[in-house]
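Structure record follows, encoded as structure tokens.
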Amino acid sequence: MPGPFRTTPARNTAVDTIRLVGLVGICVVNLPFIALPGAAGLVLPDAGLDRLAMLTVETLFQAKFFLLFSFVFGWSFHLQDLAARRAGASPARRHLRRMAALAVIGCLHGILVFPGDILVIYALLGCGLVAVRHLSAPALARLALAMLPLAALCLTVLWVSLPEAAFSQPPAGDALSQRIDEWLSTLGFLLVFQGPLAFGAFCLGLAAGKSGFFAPDHPWQHRLDRALPWLLVIGLPLNLFHAAATGGLLPAEWVFATLAGVWALAPGAPILAAAWLALILRLTRFRPLPEILIAAGRNSLSIYVLQGMLAGLTFCVVGHGSVGQARLLVVALPLAGAAILALAAWAVVAARGPLERLLRRMSGA
């Protein structure tokens, strides 16, 4: 009899690979905000290697892997909708219970582990999927496209307000109150920064589920693969322009050029995320990951939270601010790998991770 970590023929391993790669990318982005004190993760460092590392993360990783994860989230919503219908349950009620449970886990994670938590954002935006679940795939794609100007508007708001807010001192109080205040302010920032693009990715993921995008030899996979060179040619300069604008590399008097660089993320992040998606799908076709790692990818919630816990413990020991951006870029890979391997080991004896079990129980699925 196959062990619990074995995938079934119906299981789409490409999606689990996307989750794993996405988790590594999210760890690369999050680690500076865990390891560095205050708002240091937002400031371009003085050291050359640290500066290059931060620009690399901003160009290649920031907002791209979050969108990949959001795309898969929308796709999984379609599968959960079908599963609820087969079980004779209300898809909307089951999904909303799941989002409420995810929000509870996210609140605890944001307060106790990492204020840059994305789970509450997923829970809030995920409720919106209920309202659009009956739309056709083309209509969902058009809705996703409509999120781009909204994202540009939100980025403009942040560009105007962030210089003041980023370095403001939190109100005095006990440690728990300060952590709650920090989490709430970060949550507000992330909702504005990532919300429109994330919801657009949700819609595209739902459209992918409706159209069978992840089926072997689906024509849209081939189109995406053929578009890869263009995605890179367009996406890389846009994201590099954004990194330069937000990193303070443009002259202060270039106000409109800086604003254009801020806007560049709105189209640039989805374009480069699509390039990453094309590359990951190539990987799954030509060199699939070992089965036990694929099984770990099913437990992405547990891996995500464990990454934050491991990072927090690590820098409580070595000290916040003791490692620069360049070293953090190197440290992120084994740290993410350790969390993935821990859940891979768990998958040998249990099909679902601990938080996946908890989420399932809390949502009544």
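Here the Cβ of each residue, glycine as well, is placed from N, Cα and C on the backbone.
Automated prediction, rather than curation, is the source of TrEMBL annotations.
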Of 78-95, 96-113, the range TrEMBL labels transmembrane segment: 96-113
Stretch in 20-45, 183-207, 228-250, 328-351 most in contact with the transmembrane segment (301-322), if contact is a CB pair under 8 A: 20-45
Contact between the transmembrane segment (20-45) and the transmembrane segment (183-207) (at least 3 Cβ pairs under 8 Å, separation 6+): no
Same-chain residue ranges lying at least 6 outside the transmembrane segment (328-351) that approach it to Cβ under 8 Å: 3-5, 20, 23-24, 27-28, 31-32, 35-36, 53, 56-57, 292-293, 295-296, 298-299, 302-303, 306-307, 310-311, 314, 357
